[in-house]
Amino acid sequence: MAEGEITTFTALTEKFNLPPGNYKKPKLLYCSNGGHFLRILPDGTVDGTRDRSDQHIQLQLSAESVGEVYIKSTETGQYLAMDTDGLLYGSQTPNEECLFLERLEENHYNTYISKKHAEKNWFVGLKKNGSCKRGPRTHYGQKAILFLPLPVSSD
C-alpha cells in the first residue's frame, strides 16, 4: 500500500442466526467506596454487602445497544432501576428506568448513569456504609460511583 492510500472494507451483511440470550458470565460489581458489592434483594431493595458469598450480588449485564446496559440479578431476576427521585430499586420487568449508560473511566472502573436521567448525570452509587446513594447526590469524581466488574468465582 502506497503512502496516503485509504483502504475501505465492505460492511458485514451476513446474519449469524444466534439464539437470543446473553453469553457473558455473571459479574460482581465491586464499589470503590467502602468495598461493597452491589446487591439486589428479592423485595426490590438495592444496597451493598461485603459478603462475597451472597447469591444476590451475582449480576448479569446485558447490552441493549452500544454503551447501554441492563443490570439483572441472576438470583432474583430483578433489574436494577432508578426512579424519578433517584432511588435505586429492583424491577421485575425491564423498562426505561432500567437502562444505564456504562462508561469505562480512565482509572479502569466503570460508571453507570441512568439513561432516563442522563441529562441530570444521576449515577448508580453506594455510600461507605453500603446503602444506596440517591442519584441527585452523586456526581463525577466521587468514589461512590466507581464500580469494578469482577468474575463471580475468585479463581
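Each residue, glycine too, has its Cβ placed from N, Cα and C.
Residues or ranges marked as N-acetylalanine in Swiss-Prot: Ala2. Taken from Swiss-Prot, the feature motif 'Nuclear localization signal' applies to 24-27. Per Swiss-Prot, the feature heparin binding site maps to Asn33. Look at Swiss-Prot and you will find 127-143 tagged as region 'Heparin-binding'.
The motif 'Nuclear localization signal' (24-27) scores a mean pLDDT of 88 in the predicted structure.
DSSP gives the residue listed as 'heparin binding site' a coil state; it is part of no helix or strand.
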